[in-house]
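Before I ask anything, let me first share the structure, which is written out below as structure tokens.
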Amino acid sequence: MLLVVLGGVLGGMGRVWLGQWVGRHAPSEFPWGTLVVNLLGALALGGIAAQGSAGGALWLLLAVGLLGSFTTVSSFAYQTLTLLRGPRPGLGWLNLVMTLALGLAALMLGHALGVGLLAPGAA
């Protein structure tokens, strides 16, 4: 349990910092910070899952704790609804499609990279 808490603290702090940093550098009504955080989280989770550590201490620390608090479905859902109700509802649909499609692609890429690290002769 302590590993989940430690990972959660670090992941939450990382999400706030990165989300704000992206927001300052890509100002618009589109929630770029949340998208970047969720895509990086999916990429990292793919890599961690490829290592085969599901259920172990490293999984609890990184996947459940750190990435569980780093990524955010609730913020994504709220921001999508806000965009759908706003003057440019197409941005809400764009956020939905980009997050789901790119999130799956990032997870697959992270997994492929993680498997590659385990391949014989990989540096």
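Backbone N, Cα and C define each Cβ position, glycine as well.
These numbers come from a predicted model, not from an experiment.
So TrEMBL lists the following for this protein:
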{"type": "TRANSMEM", "residues": "30-50", "note": "transmembrane segment"}
{"type": "TRANSMEM", "residues": "57-81", "note": "transmembrane segment"}
{"type": "BINDING", "residues": "Gly68, Thr71", "note": "Na(+) binding site"}
{"type": "TRANSMEM", "residues": "93-119", "note": "transmembrane segment"}
Would you mind listing the long-range same-chain contacts of the transmembrane segment (57-81), meaning Cβ under 8 Å and 6+ residues beyond its ends?
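Counting only partners 6 or more residues beyond its ends, the transmembrane segment (57-81) has Cβ contacts under 8 Å with 3-12, 14-15, 31, 34, 37-38, 40-42, 44-45, 48-49, 51, 92, 95-96, 99.
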Based on Cβ atoms within 10 Å, give me the single least packed residue among the binding-site residues Gly68, Thr71.
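Comparing Cβ neighbour counts within 10 Å for the binding-site residues Gly68, Thr71 gives Gly68.
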Where does Gly68 (Na(+) binding site) sit by DSSP, helix, strand or coil?
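Going by the DSSP assignment, Gly68 (Na(+) binding site) falls within a helical segment, counted as helix.
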